[in-house]
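For reference, the structure is listed below as structure tokens.
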Amino acid sequence: MALASTEKVILGSIAFAIFWVLAVFPSVPFLPVGRTAGSLLGAMLMVIFRVITPEQAYAAIDLPILGLLFGTMVVSVYLEKADMFNYLGKLLSWKSKGAHDLLCRICLISAVSSALFTNDTSCVVLTEFVLKIARQHNLPPHPFLLALASSANIGSSATLIGNPQNLVIAIQSKISFGSFLVGLLPPMLIGILVNALILLCMYWKLLSIQKDEEDAAAELVAEEDVSSHRFSPATMSHFTSLNSQEGNSRFEPMDIQSPPSTVNGNADQVESLRTISFYKVGPSLSTFYENEIPQVSSSAPALARNSTASEETPHNGASQKKHETAASDFVVSVNGLNDVFPVKHMEEKETLSSRYKRILWKSRVYLVTVGMLISLLMGLNMSWTAITAALALVVLDFKDAHSCLEKVSYSLLIFFCGMFITVDGFNRTGIPSTLWDWMEPHAKVNFTSGIAVLAVVILVLSNVASNVPTVLLLGSQVAASAAAISATNEKKSWLILAWVSTVAGNLSLLGSAANLIVCEQARRAPDLGYTLSFWNHLKFGVPSTIIITAIGLALIR
């Protein structure tokens with residue numbers, strides 16, 4: 001494609017430069033509007049500058065990619081609701097054999113979860129788990145944070161739903177889910193192993209330092225804190241789920257004093273009701289019962305019998321135990337109702353029923369997710385498969401889906417819309433195709449030297465322009481060049497693009513959204529805040545990225 005007019009080239013380059021600055025540095029002082037607004041601004045400027053027409057801008061938005069992204073996000077939200085990521089967090093510390101074992105576990109779990117649930121989601125939900133476990137064992141956090149972010153990037157390369165750039169490749173390349181998995185699974189597995197070895201070599205001494213037992217005890221984070229934290233993949237918010245029974249168990253029984261010998265007055269009934277309500281529901285709900293006490297009828301035979309029995313028995317341990325048993329097994333009538341309910345048995349039955357329903361609901365979520373993965377492996381339309389799975393979960397939940405759908409990152413979907421328009425406008429200036437025409441003779445995928453040149457170009461562009469725009473800019477041109485050689489080389493070119501653009505994210509802290517998510521989540525974690533510096537990441541990222549990229553390229557066939 002030849003260069004467009006000078007005016008379009010200049011104005012299109014300005015619009016793309018503004019988009020790039022705001023996408024890579026979302027809080028620039030002169031225009032701190034963020035990535036999403038930055039992508040829309042770039043798209044709007046492309047239309048205002050007449051680089052593309054409004055019709056071309058709408059046509060540039062790739063709906064299948066947005067549908068696939070939306071479907072996978074909804075499925076991830078329901079998996080989080082079904083405690084999938086809690087289970088992954090527990091695996092990190094289950095029977096851990098030390099810091100080195102923990103580092104390897106983080107690498108493996110992060111890679112697998114990223115391949116199935118996208119790297120950004122895995123980083124959002126696992127970062128605080130990793131911080132808590134590091135603090136629990138009095139270990140430095142940054143090796144584990146590096147393991148989480150880098151392994152998430154590497155692991156996400158294995159599937160077409162692992163990261164946003166692979167979603168783009170899935171739609172543009174028409175490669176089946178299974179074929180893509182077979183092509184990149186070996187490099188991913190070897191890459192995770194090598195990545196773990198690099199981390200162990202760099203931080204072996206740091207992880208081998210014996211912790212001070214007293215300091216460890218002071219800094220200890222309870223395991224239930226590690227496993228009870230719940231996460232929202234889309235909003236990055238945290239909330240702690242409370243168990244009402246655990247909450248009630250915190251209150252110790254009060255010393256029971258026997259009421260006066262007569263039970264005919266309302267005062268005696270009030271005192272007994274207070275005692276029973278405190279034992280049964282704790283002080284918060286006890287207040288409710290106390291407010292309702294004046295409405296209780298004076299003729300409460302069950303209360304009278306219990307009170308009389310407790311008065312006639314000497315005040316010893318057996319008496320107190322008998323009173324506690326009576327209080328926990330029965331509740332008195334309120335508002336004039338004289339029925340007596342066996343609350344203890346009802347609660348046990350309700351607990352078993354709610355547990356059964358919860359397990360049944362979780363099973364449905366996992367079955368739908370497995371069905372989605374099987375459908376993708378069978379080669380069904382990826383976008384509609386993900387959307388169908390998402391809607392199936394909404395229907396099976398049988399509740400208002402607002403609370404789950406609001407966790408979807410709609411700002412990310414809008415960012416993609418703006419980016420599609422901006423990149424399409426920049427492509428229409430002719431600059432990317434002109435640069436590719438100059439490099440194409442040196443980047444043939446049927447030669448080792450050509451693969452090396454292509455990998456360097458993708459590596460640099462992925463860190464300068466980000467990996468998704470790089471795939472959008474180079475994808476079709478690299479594939480067309482390879483297709484002129486053979487169909488096999490065309491597929492290989494897509495695999496190389498997917499592998500290098502994904503692993504390139506490990507080069508620097510700004511290389512991928514997953515790195516930034518880990519950094520930001522770690523910094524904002526309550527009581528556990530830790531700042532992962534740019535240089536700490538860079539001194540690990542450069543050797544890791546170069547070595548793993550080279551190994552993966554040698555394994556791609």
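Using N, Cα and C of the backbone, Cβ positions are placed for all residues, glycine too.
TrEMBL annotations:
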type: TRANSMEM; residues: 9-28; note: transmembrane segment
type: DOMAIN; residues: 26-504; note: domain 'Citrate transporter-like'
type: TRANSMEM; residues: 59-79; note: transmembrane segment
type: TRANSMEM; residues: 184-204; note: transmembrane segment
type: REGION; residues: 300-324; note: region 'Disordered'
type: COMPBIAS; residues: 300-319; note: compositional bias 'Polar residues'
type: TRANSMEM; residues: 365-396; note: transmembrane segment
type: TRANSMEM; residues: 408-426; note: transmembrane segment
type: TRANSMEM; residues: 447-465; note: transmembrane segment
type: TRANSMEM; residues: 494-518; note: transmembrane segment
type: TRANSMEM; residues: 538-556; note: transmembrane segment
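If you look at the transmembrane segment (538-556) against the transmembrane segment (447-465), you find at least three C-beta pairs under 8 angstroms, all six or more positions apart, and that counts as contact.
Per-residue pLDDT, averaged along the domain 'Citrate transporter-like' (26-504), amounts to 75 for this model.
Pairs of Cβ atoms less than 8 Å apart link the transmembrane segment (447-465) most often to 494-518, out of 9-28, 365-396, 408-426, 494-518. The stretch with the most CB contacts under 8 Å to the transmembrane segment (9-28), chosen from 59-79, 184-204, 408-426, is 408-426. Taking residue pairs at least 6 apart in sequence, the transmembrane segment (494-518) and the transmembrane segment (59-79) share fewer than three C-beta contacts under 8 angstroms. The stretch in 184-204, 365-396, 408-426 that contributes the largest number of Cβ pairs under 8 Å to the transmembrane segment (494-518) is 184-204.
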